[in-house]
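Have a look at the structure below, then the notes.
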């Protein structure tokens, strides 16, 4: 287990980004703030029990799924390539064909698989890296893109549901006495609702754009960083529906919407991978000798 423990430790160290940790904590605090306002300002003081139960249940389900997706996107290895494997022994173990060319990342001294890119924050090469997202304190890559898509989708739905409830609550308070529509004073109620409305609108726009961008990247089989660097056409693209199935873990089912399922259609990495030791090769471009 020594090699496995070392890999886990390196990946854990790569996530210790102060900005990412702060953004991840802020994300949870904003959801908890919305939870507080929705429950204690809008739903519990409501005279309509059915309205409170239905909307409270829906809101809490969406909030739970959003936070679970965030946790999975944050804690799942996005596809980090082992550091320091650019050795002659490791290249020989790949059993490549004569004349084939492999590339070494000069920053983390690893052999870069096809479509892998180096992340300056994680300090690792990530397979099919789309971008580094500080809100999940992690890269979005081959192994965790599904969870990031679910996170943006559930936050967008949660924000939309919150905005609808805020509008209905404002209308209810205007028609009725403000002192009876909330357990807080009217000025406090207005301030809390306005802040919640601003938060919901901001995150609805932001996460909707991110969700659409991610779905487009999956359907076109082209990551954000590949599109930014103009690397289109350097690989054989798969059809849209096949790419979606690969990203979400198999044929269409309700498990696509669950942050608790793994990526079943992908081959899981072996539990223990031994990287042959040796000196790091100096060349960044290595061609396998013909003889």
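Cβ atoms are placed via backbone N, Cα and C, with glycine included.
As the structure is a computational prediction, the values presented were derived from the model and not from experiment.
The annotation transmembrane segment is assigned in TrEMBL to 21-43, 49-68, 147-170, 190-211. Taken from TrEMBL, the feature domain 'Palmitoyltransferase DHHC' covers 104-229.
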Residues in the domain 'Palmitoyltransferase DHHC' (104-229) grouped by DSSP into helix, strand and remaining coil: 74 helix, 19 strand, 33 coil
Long-range neighbours of the transmembrane segment (147-170), counting only residues six or more past its ends (CB under 8 A): 31, 34, 38, 41-43, 55, 58-59, 62-63, 65-66, 69-70, 72-73, 76, 133, 136, 140, 181, 193, 196-197, 199-201, 203-204, 207-208, 210-211, 214-215, 218, 247, 257, 259
The domain 'Palmitoyltransferase DHHC' (104-229) [mean pLDDT, rounded to integer]: 90
